[in-house]
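Database features (TrEMBL):
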TRANSMEM  12-29  transmembrane segment
TRANSMEM  49-74  transmembrane segment
TRANSMEM  86-104  transmembrane segment
TRANSMEM  116-135  transmembrane segment
TRANSMEM  147-171  transmembrane segment
DOMAIN    207-486  domain 'Sulfatase N-terminal'
Amino acid sequence: MRRVKSSESLWRFFEIFALCGLVIAQPAFDYIAGSTRWIIAIQVDWVSVIAFTCLALLLPPLAIWVIESFALRILGGDRWRSTRELLHAAILAGLVGLLVNSWLKPGGMPVRYRLLISGFVGIVALIGRMRWAVVKTFFHSLAFAPLFYLVLFLLSPGTIGLAEASIGHAYPQQVRQAPKRIVILVFDELPLMSLLDGSGQVDESLFPAFSELAKSSTWYRNSTTNASHTLRAFPTLISGTRPVEEKVNAPSARNFPVNLFSLLGKAYKMNVHEAHEALCPDSVCTDRNPYPTQHGLPALKTLGERSAASKIKPISDNPPVITDIVAPPALVRANEFIKTLKPSKSRVLDYGHIMLPHQPWRYSGPEGFDTGFKDLEYGEWESPLQAKLGKQQHLLTLQTADTFLGNVIDQLKKTGIFDQALLIVTADHGIAFISSERARIPTNKNYPGIVWTPLFIKAPGQIVQQVTDQPVDSIDLLPTILDYTGSTRTPTLAGHSIRKISPGLNRATVVVAAGDVGGPGSNLRLNRVSGFNSVLAAKNWPGALEDDLRLYRVGRYGGLVGESVGATAPLPLDTAPAIKTRLVTNFDPKAKSQPLLLIRGTVKNPNTRTVAVAVNGIIAGLSPVERNTSLNLGSIAISMNPHAFRKGHNVLRAYSVTGETGAEVLTPIPFPR
């Protein structure tokens, strides 16, 4: 009798194991194996992968089975036999309902119908498990299904690529007259156009550090990327190979074994700070500086939990939110790079993939205030205003990146590294801000903003500025670095050393791998001459260069920023209704977290076309209203001047702005929410 009960208990576990595997483990396996390109940086190995599969397959069914067994022990005796059967059948029915619901979600069926069908199938499963032997046998046979998905997961190219991402080795290398220090900074999503002042020069008023670097380095103004997205751009930069058309290989040492790190790994000690790539082999980067907030088994566990949860939830079908794992606050990671810039008696290569000024544009101004903004914009700019406000936030974040660059240069000078270092500052790709155009997919109209990226190279001992407009591609970076080091082992690469490019080299077109974010796409061939002319003529933001507030001036009423509202407000400030006032107490101007520096909200009044926000009676920011006719609402995004706030008590008021320029009328309105 005891053996029979043990057998029954074991079969109950296998039934729960089977359904939990289909409901929980399979979605987790599918998501991780299919997202390798994005999560390649979480640094897992086969031990982590196998441990994760054991947890995903065994932990949920074991937990349910233990709870069920405890309940069944309480319901002992023959009188409760039917109740015990019902309890177990109900557990299986619930899992079946969740499974059917997850299968129906991708079809776009209305929620109520999907839940009705899932519930109906669950009830049928409950009745069948209690009454029909064939259903019971079917549940028993499902016990092998999770094992089948386990094998598929472990043998999938995605899983193998993830577990073996950093496998590689350094190549024997001799370097002649190699710089003792090589410092490489690769900013992310930084178009050259954003740095320029309209005369082809770096805008010193907004970006003093980039301007200083340009004055003591060789500035290659006609430098272009060969890929419009990070996952394809970094292998191009670091391995010197052109992207393969209609194919995306994860940026890993396994897929690109011959690269900057493997070629110089025996000649230089590596101080490598990667972000979404894993191009430096473990054998070379023995002391890694992990970018993700989680890596290894904890990262797999979190990704698995979130991907399974997105399928299990009866109503919501949101994809896993993994940005806090693979994309932590960019400035925090960037500042950690600075701390590692230390003197050394041996040769050192410092490499930093800096996720600035990349979206989300959460940082504001040179101080790097964190607004907490988390939205991403990879699609099409729906209106000129939307593109304008996006560019404003981008430039404010770029000011934060400029301060970071200045801090890097200061650290290099402080430690005595700067003068003798080969310093390279560039970006992987840009971004465009043109209405009715995509932000990141190049077209014949927007490609100057996406394709042209900054490239500054300061040779050891260089103090004199050089500016050259010779055509340069991102595939030229690795050959150039190898040339500077005098490397004896130089593989066949698609690019050329910038110092040896023949003036007769035909680069009238720019070849760019385009496609949706992280996905494959065709190679575009774009006109270099007309694109470069557009870049040189571009001015990053309207207004006088000496105007410290020009980044906060948007639209026809931008001149109001910095002005007092007392002369134009129809109501005295102290008599304005309370609903039109927002009180801020205990404001700390030195705090890094400043959500008030980006005010987003909705406006109901259709007659409100521009909203200005005053801080202590001074206009600190404004924004035209973006109307949504279907919702009968308007939205605003106001970037606020941080210097308008004072320590402690502050009063914020919102106003509708009307009238002619120079004779504006400010009417108090409810504070946008």
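The backbone N, Cα and C atoms fix where each Cβ goes, glycine too.
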Residues of the parent chain within Cβ reach of the transmembrane segment (12-29), under 8 Å, 6 or more residues beyond its termini: 53, 56-58, 60-62, 64-65, 68-69, 88, 91-92, 95-96, 98-99, 102, 139-140, 142-147, 149-150, 152-153, 303-305, 307-308, 310-312
Criterion met for the transmembrane segment (116-135) and the transmembrane segment (86-104) (at least three Cβ pairs under 8 Å): yes
PLDDT averaged over every residue in the domain 'Sulfatase N-terminal' (207-486): 91
